[in-house]
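Below is one structure, written out as structure tokens, with a few remarks after it.
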């Protein structure tokens with residue numbers, strides 16, 4: 001019996017306003033989860049994440065299992081005890097990271113054998129091992145182990161990949177056993193609607209606490225992503241959280257909420273921050289550009305983050321040019337605050353019954 005509770009508070013069209021409740025805290029949805037691959041959101045402390053409004057973060061099963069390993073994390077009680085984040089944590093299963101290894105992996109019915117990117121040793125990961133690792137981490141939301149279907153994939157390749165993921169989903173559910181953490185199933189099927197339908201039907205039959213759409217934002221054209229979202233999102237169970245994995249840009253989030261998605265994660269705001277790409281209410285600023293050398297205005301006059309309240313574009317340009325660590329930190333604080341503020345604005349618009357209007361205005365003004 002899971003300790004997670006999901007309340008669907010309000011709907012506007014397909015867009016949903018909800019709340020996910022855990023013993024460690026509530027998550028207002030639609031929600032964006034900052035990514036802490038190795039247990040930390042790069043350059044930020046848990047206090048800073050809370051200040052910007054984050055209510056859940058994502059950790060990476062694959063990387064934490066390889067380093068530092070679950071024995072060390074278990075000595076701290078859980079990943080929460082290890083990294084000082086006392087709110088909910090979602091961990092992905094490791095499937096996407098294994099997919100990212102490409103030819104360095106060997107896939108069988110049992111699982112995946114690959115060369116460790118840490119020390120080049122031979123490593124085996126299966127649904128059962130992934131579930132045990134996530135249990136050891138004390139994750140609040142556990143993702144079932146799947147194979148992320150690559151893009152492009154023929155219909156035959158996508159079908160075989162999806163069917164393997166569904167067999168692994170069943171094994172994940174069995175291995176999850178009496179773990180009170182929530183277990184989410186992942187819909188696969190590539191760019192083929194009928195395969196997505198088959199996948200969702202199978203996952204409903206196995207019965208999960210939440211449902212995720214995987215295998216998007218893997219290199220496909222934007223129109224294909226929207227097509228699959230349009231087809232799939234609203235068919236996911238109404239009474240359970242819906243999670244779109246690894247997506248995306250601010251526009252992607254607004255468009256996915258419009259289609260019925262509740263939860264998101266993406267490395268984009270933090271990774272782009274380190275490369276000097278800043279999200280603002282009017283679009284992206286490339287702070288490396290010489291035109292900001294003597295610009296004394298803040299990044300975004302509509303933003304209340306620490307960076308915007310205290311520093312100018314000129315100073316941030318200087319930090320970027322001199323490769324100061326502080327530049328990455330200040331950019332990351334701003335970008336992740338921008339994402340959290342976007343989700344707050346979406347939730348407020350849904351609360352007030354004007355999300356459709358908000359979407360039109362946002363898509364028109366955001367370049």
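The backbone N, Cα and C atoms fix where each Cβ goes, and this holds for glycine too.
Among the candidates 231, 234, 277, 334, the one that Swiss-Prot lists alongside 303, 305, 308 as binding Zn(2+) is 334. Of the residues 39, 53, 215, 219, Swiss-Prot places 215 in the same substrate site as 92, 93, 94, 95, 96, 146, 188. Checking Swiss-Prot for region 'RNA binding' across the ranges 239-245, 246-252, 253-259, 260-266 points to 246-252. Residue 92 (substrate binding site) sits 11 Å from residue 265 (active site, nucleophile), counting Cα to Cα. When Cα-Cα distances from residue 94 (substrate binding site) are compared across the binding-site residues 303, 308, 334, the shortest belongs to 334. Every protein chain considered, the tally of other Cβ atoms within 10 Å of the Cβ of residue 215 (substrate binding site) stands at 33. Looking at residue 95 (substrate binding site) and residue 303 (Zn(2+) binding site), their Cα atoms lie 36 Å from each other. In sequence order, 298, 299, 300, 304, 306, 307, 309, 333, 337, 338 are the residues of the same chain, not among 303, 305, 308, 334, whose CB sits within 8 A of the CB centroid for the Zn(2+) site. You'll find the Cα of residue 334 (Zn(2+) binding site) roughly 17 Å from the Cα of residue 265 (active site, nucleophile). Within 10 Å of the Cβ of residue 95 (substrate binding site) there are 27 other Cβ atoms, across all protein chains.
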